[in-house]
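Peer 1: According to Swiss-Prot, the protein carries these features:
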type    : residues                                       : note
BINDING : 15, 16, 17, 18, 58, 62, 165, 171, 174          : ATP binding site
BINDING : 57, 77, 138, 139, 140, 141, 142, 143, 144, 145 : UMP binding site
REGION  : 23-28                                          : region 'Involved in allosteric activation by GTP'
């Protein structure tokens, strides 16, 4: 397939799961993975792409899990939001060490730690080629960081949400459990809903669908995959109308 000389996206929203940062450790943040991700984001900035990043917090804390053990779900979700801020701080630090200008914003005020989220300020920073890391989810309990990614993607007028996962794309079945599972190159929103494919939770997915925000699922553990996605090469699964 011919490679495009120019990126196919001008502004992206990159959704990283907290689990993606933990590497093989099973918990916490793997510094080498963090640095590799920072380098891959740096490549995009050098291509002139405006990058917004939403990070999950599952490597540090899962509110839903503790809610099952009896903790109040709202409290658990607030702790989960703080976990995403911790990941955001780590990512901002990794980007700064890679000589990339980055700003961390939080949906819940944390004065002295990071900036409060402002839609206008985020867009202004993106236009000036700053990487904007958007943490603390939506700022509300009961919403996942996938919902935050779609919400922020719509707000900052991103061309696409790039959902970085541990698998190469969206499959007919879980490839870890079913070796015969095949990957889709492209799907429509309605196909995902009809086939009940696990792309993201329903609240997040329907938000993207209603605002015609394309989603591309790809494997962040595959070196160079992010660059291939933005250059329009065959990588991952694209979900559109």
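Backbone N, Cα and C atoms are what each Cβ position is placed from, and that goes for glycine too.
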Peer 1: I'd like the number of other C-beta atoms within 10 A of the C-beta of residue 58 (ATP binding site), please.
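Peer 2: Result for residue 58 (ATP binding site): 23 other Cβ atoms within 10 Å.
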Peer 1: Please work out the helix, strand and coil residue numbers for the region 'Involved in allosteric activation by GTP' (23-28) from the DSSP assignment.
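Peer 2: Taking each residue of the region 'Involved in allosteric activation by GTP' (23-28) in turn, the totals are 0 helix, 0 strand, 6 coil.
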Peer 1: Using DSSP and three states only, what is residue 17 (ATP binding site)?
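Peer 2: Going by the DSSP assignment, residue 17 (ATP binding site) belongs to neither helix nor strand, so it counts as coil.
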Peer 1: What does DSSP say about residue 58 (ATP binding site): helix, strand or coil?
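Peer 2: DSSP call for residue 58 (ATP binding site): coil, neither helix nor strand.
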Peer 1: I want to verify one value. Collapsing DSSP to three states, which class is residue 144 (UMP binding site)?
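Peer 2: In the DSSP reduction, residue 144 (UMP binding site) maps to coil.
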Peer 1: Apart from 57, 77, 138, 139, 140, 141, 142, 143, 144, 145, which residues in this chain have a Cβ no more than 8 Å from the mean position of the Cβ atoms of those residues at the UMP site?
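Peer 2: Neighbours within 8 Å of the Cβ centroid, excluding 57, 77, 138, 139, 140, 141, 142, 143, 144, 145: 80, 81, 137, 147, 148.
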Peer 1: From the Cα of residue 58 (ATP binding site) across to the Cα of residue 144 (UMP binding site), what is the distance in angstrom?
Peer 2: 11
Peer 1: Quick one: of 17, 138, 140, 144, which of the binding-site residues has the smallest count of other CB atoms within 10 A?
Peer 2: 140
Peer 1: Do you know offhand how many angstrom separate residue 57 (UMP binding site) and residue 174 (ATP binding site) by C-alpha?
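Peer 2: Cα-Cα, rounded: 23 Å.
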Peer 1: Could you tell me the maximum Cα-Cα distance in Å between the residues recorded as binding UMP, namely 57, 77, 138, 139, 140, 141, 142, 143, 144, 145, rounded to a whole number?
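Peer 2: Among the residues the record ties to UMP, max Cα distance equals 14 Å.
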Peer 1: Give me the count of other Cβ atoms within 10 A of the Cβ belonging to residue 174 (ATP binding site).
Peer 2: 10
Peer 1: Between the Cα atoms of residue 58 (ATP binding site) and residue 142 (UMP binding site), find the distance and write it as a whole number of Å.
Peer 2: 15
Peer 1: Can you tell me how far the Cα of residue 174 (ATP binding site) sits from the Cα of residue 138 (UMP binding site), in Å?
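Peer 2: With the alpha carbons as reference points, the distance is 29 Å.
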Peer 1: On the 0 to 100 scale, where does the mean pLDDT of the region 'Involved in allosteric activation by GTP' (23-28) fall?
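Peer 2: Taking every residue of the region 'Involved in allosteric activation by GTP' (23-28) together, the mean pLDDT is 83.
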